[in-house]
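Per Swiss-Prot, the features are as follows:
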type	residues	note
TOPO_DOM	1-15	topological domain 'Mitochondrial matrix'
TOPO_DOM	35-40	topological domain 'Mitochondrial intermembrane'
TOPO_DOM	67-72	topological domain 'Mitochondrial matrix'
TOPO_DOM	106-128	topological domain 'Mitochondrial intermembrane'
TOPO_DOM	184-190	topological domain 'Mitochondrial intermembrane'
TOPO_DOM	224-232	topological domain 'Mitochondrial matrix'
TOPO_DOM	257-261	topological domain 'Mitochondrial intermembrane'
TRANSMEM	16-34	transmembrane segment
TRANSMEM	41-66	transmembrane segment
TRANSMEM	73-105	transmembrane segment
TRANSMEM	129-152	transmembrane segment
TRANSMEM	156-183	transmembrane segment
TRANSMEM	191-223	transmembrane segment
TRANSMEM	233-256	transmembrane segment
């Protein structure tokens, strides 16, 4: 590394890909054990090792970028392409749920009563909690943009304030969604309506939790002065992800809550 004559990052040997693969094996095996034998020990072990692997792997990346200076502009460009491709893959992931929803709702079968929502299903009112959730996420999109602009201008205080507001709105959204799930008059086992509703909104909720975790890490890193106005890809990636989650919710709201009701 001392005689390096290029701007690329030659990664040092790391144990985390191996521990990540083993934890994934434990998690999938644990799911089978849970489904068939009602035992969660293997699943919990898999989740714990997976969480530890993610923490330690990302900790190493922070060290390489912030303290060792390995993330040159050309390396950051590669990371940006990687994040863009990851978000594109997530778009197709959600496209599958929307496809299932529209396939079922545009031509309801006789078993559903020939109508949508299916006979016997009482849909949620889109003008109540779902509309509040929409406004909460749209507001969080504004505050994350404020945080980004503050960081670009070197205004640390405003960046931290805006990031804190975004995290608070993300947590509030999750609590609202949990309370809505608690009150729904249908379940995931209520035919195609229940399964598409809970799969689509449930995975979106999971993405909000993941995005909130990313932003909390960014908040803690900013408290330690890790970001500068021209070196902050970790925050940029989290902001892109948050905007993606925001846009997916708009499609969910219009499709499943408003049109689908």
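Cβ from N, Cα, C; glycine included.
Contacts between the transmembrane segment (41-66) and the transmembrane segment (16-34): present, as 3 or more C-beta pairs lie under 8 angstroms, all at sequence separation of six or more. Beyond its flanks by at least six residues, the topological domain 'Mitochondrial intermembrane' (106-128) meets 180, 184-186, 190-194, 253, 257-258, 260-261 of its own chain at Cβ-Cβ distances under 8 Å. Beyond the transmembrane segment (129-152), the same-chain residues lying 6 or more positions past its ends with a Cβ under 8 Å from any Cβ of the stretch are 158-159, 162-163, 165-166, 169-170, 172-173, 176-177, 179-180, 215, 222, 227, 229, 232, 235-236, 239, 242-243, 245-246, 249-250, 253, 257-258. When Cβ-Cβ distances below 8 Å are used as the criterion, the transmembrane segment (73-105) is approached by residues 7-9, 112, 116, 192-193, 196, 199-200, 203-204, 207, 231, 233, 236-237, 240-241, 244, 248, 251, 255-256, 260 of the same chain, each at least six residues removed from its ends. By the Cβ criterion (distance under 8 Å, sequence gap of 6 or more), the transmembrane segment (156-183) is not counted as touching the transmembrane segment (16-34), fewer than 3 such pairs being found. Counted with DSSP, the topological domain 'Mitochondrial matrix' (224-232) comes out as 0 helix, 2 strand, 7 coil.
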